Amino acid sequence: QLASTSGEVAGLSRARRNVLLASLALVNFFTSTAFSVLGPFFPREANLKGLSVTMTGIIVGEFQLVICLCSPLVGAFTSSIGGRFVYSWGLVICSVCSILFGALEYCPPGIVFAVMCLLTRGVSAIGTSMFVVSSFSIATRLFPNRLSTVFGLLETAGGLGFMVGPVIGGALFQLGGFKLPFVSLGGFLLLVVLLSLCVMPSLVNDDPNIDGSRPKSVWTLVREPFCLATLFGMCVASSFLGFVDVSFQPFLTAKFHFSPVIVGLMLFLPALIYSISAALWGYLVDSRGAGLPIMIGGLAAFSVCLLFVYPAPFLPYDTNLPSLIAALVVVGLACSAVVVPVFNLIATESYKRGFDRSLTTYSVVSGLVNTAFAFGAFVGPTLGGVALDKFGLAWVLTGYSGLFGLATLICLIGPVRQNRGFMRRETRGVSFLVNEEGEDGRSPAIVGPVSQSADCLIDRDGRNEANNNYGSIGNTV
């Protein structure tokens with residue numbers, strides 16, 4: 001048994017950990033639903049309250065910006081404060097803010113309504129960053145050898161919540177007006193929080209710095225070319241998802257004369273594919289160890305298919321419905337292929353840089369990943385909307401195609417530069433990190449049990465530097 005599973009989590013049975021993961025996914029689903037209910041009616045209600053389209057966009061975009069700014073801080077302090085504490089209070093903040101946002105129906109119109117919306121959404125974003133960062137760090141702490149599978153399952157739950165949220169929001173708005181969607185879902189979320197805390201253990205900081213050394217900083221990872229490359233690819237993908245929300249509805253209406261229902265179904269398609277495929281990509285990353293190839297393939301597929309969603313100006317081709325549907329399916333598959341492997345890739349890189357398999361490491365990685373995703377989700381609808389007005393949809397999609405192509409090249413080149421001092425040799429079932437200069441390196445490079453694959457440092461003479469507690473690597477070879 002790995003040392004990282006020692007302590008309190010080691011005493012949890014597999015069934016108990018599965019129940020905990022299911023509760024995290026359930027809460028992820030309902031929080032995503034609560035966040036997305038305002039889409040069908042809030043722009044119109046904000047206009048009735050005297051807000052401009054620009055101010056409405058600022059209120060919506062502020063949410064991701066605050067998450068981007070808060071996530072690194074939450075990731076840095078989650079392990080010292082306690083994952084359960086950060087998780088529970090983040091959810092409480094989200095629930096209360098949702099209820100308060102519904103009460104803004106009684107707020108005076110104009111600047112007062114705008115300020116109260118900004119405050120409520122901003123505080124809710126702080127709670128969201130606390131919940132998301134802690135939930136991913138807790139889930140990966142429970143399943144340290146299944147990082148991408150866990151990440152994919154939680155992404156699937158969140159994606160499904162974002163898909164059904166607008167439907168539920170529209171129905172509740174018609175039934176009871178502005179306040180009913182927020183008050184009902186906020187109250188229900190509080191109930192779900194109480195139920196989930198009944199099965200949530202108190203995860204303590206298990207960072208084994210017994211020598212008194214300071215834990216490694218997030219900047220250790222930010223400075224690494226490989227981490228920057230993967231985070232850049234994820235940021236571009238989340239940016240495009242945000243851009244779709246503000247750009248595709250006018251395009252589909254003008255080009256195909258679709259009704260609002262059909263437009264909603266068209267936008268529903270890539271989200272559905274994303275949610276279904278996220279869990280599949282996570283399983284493949286963990287079982288096949290193909291995180292980087294899957295991510296690079298997703299980036300390359302993004303780069304190509306965007307040229308056919310709305311043909312680039314230099315292509316002698318016109319948009320038709322079958323090619324558009326096929327492109328949207330590829331967008332959903334490619335987006336999940338880009339996003340899901342990132343957590344595993346950066347976590348694995350952190351082990352190589354001296355981080356331990358602890359709640360501290362998972363919190364730092366979770367904060368970093370969430371920051372990159374939120375930054376892209378903020379930039380996409382804001383700068384993307386400006387670019388859309390200035391250059392048109394064809395050129396903006398062509399620009400995104402170029403960005404995804406650039407991200408593909410960066411992810412191809414980054415690992416080569418990152419590991420130029422090491423050779424990676426793989427044998428059947430066993431992979432080694434070999435120092436080219438034959439130096440003896442006794443660093444914590446073992447990242448998995450030998451039962452499936454063993455990672456260890458060996459020198460040029462083939463001497464095993466692994467601890468015997470991990471099994472007989474010589475017999476495996």
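The first residue you see is number 1, and the count goes up from there.
Cβ from N, Cα, C; glycine included.
Feature annotation from TrEMBL assigns transmembrane segment to 20-42 (among others).
Annotation source TrEMBL lists domain 'Major facilitator superfamily (MFS) profile' at 20-417. Averaged over the domain 'Major facilitator superfamily (MFS) profile' (20-417), the predicted model has a pLDDT of 83.
Summarising the annotation, TrEMBL assigns transmembrane segment to 54-74 (among others). A Cβ distance under 8 Å defines the sequence-distant neighbours of the transmembrane segment (54-74), meaning residues of its chain 6+ beyond its ends; these are 35, 42-43, 46-47, 86, 114, 117-118, 121-122, 124-126, 128-130, 132-134, 218, 242, 246, 363, 366-368, 370-371, 374-375, 377-378, 381-382, 385.
The annotation transmembrane segment is assigned in TrEMBL to 86-104 (among others). Outside the transmembrane segment (86-104) by six or more residues, the chain places 27, 31, 34, 38, 74, 77-78, 113, 116-117, 120-121, 123-124, 126-135, 138, 178-183, 185-187, 189-190, 193, 196-197, 200 with a CB less than 8 A from a CB of the stretch.
The transmembrane segment annotation in TrEMBL covers 110-138 (among others). Note on the transmembrane segment (110-138): residues 20, 24, 27-28, 31, 35, 46, 49-51, 55, 58-59, 62-67, 70-71, 74-75, 78-79, 83-84, 86-87, 89-94, 97-98, 100-101, 104, 150-151, 154, 200, 203, 343, 359, 362-363, 365-367, 369-370, 374 of its chain, located 6 or more positions outside it, place their CB under 8 angstroms from a CB of the stretch.
TrEMBL lists 150-176 (among others) with the feature transmembrane segment.
Residues or ranges marked as transmembrane segment in TrEMBL: 182-204 (among others).
Residues or ranges marked as transmembrane segment by TrEMBL: 225-244 (among others).
If you look up TrEMBL, you'll see 256-285 (among others) marked as transmembrane segment. For the transmembrane segment (256-285), the residues of the chain that approach it from at least six positions outside its boundaries are 148-153, 155-156, 159-160, 162-163, 166, 244-245, 248-249, 291, 294, 321, 324-325, 328-329, 331-333, 335-337, 339-341, 344, judged by C-beta separation under 8 angstroms.
Look at TrEMBL and you will find 292-312 (among others) tagged as transmembrane segment. Long-range contacts of the transmembrane segment (292-312) within the same chain: residues 230, 233, 236-237, 240, 251, 281, 284-285, 318-319, 323-324, 326-328, 330-331, 333-338, 340-342, 345, 393-394, 397-398, 400-402, 404-405, 407-408, 411-412, 415, each at least 6 residues beyond the stretch ends and with a Cβ under 8 Å from a Cβ of the stretch.
Nonlocal intrachain contacts for the transmembrane segment (324-347), taken as residues 6+ away from its ends with a CB within less than 8 angstroms of a stretch CB, comprise 136, 140, 147-148, 151-152, 155, 221, 226-227, 230-231, 233-234, 237-238, 240-241, 266, 269-275, 277-278, 281-282, 285-286, 291-292, 294-295, 297-299, 301-302, 305-306, 308-309, 361-362, 365-366, 368-369, 372-373. Positions annotated as transmembrane segment by TrEMBL: 324-347 (among others).
Residues annotated as transmembrane segment in TrEMBL: 359-380 (among others).
The feature transmembrane segment is assigned by TrEMBL to 392-416 (among others).
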Annotated stretches the transmembrane segment (225-244) and the transmembrane segment (20-42) touching (3 or more Cβ pairs under 8 Å): no
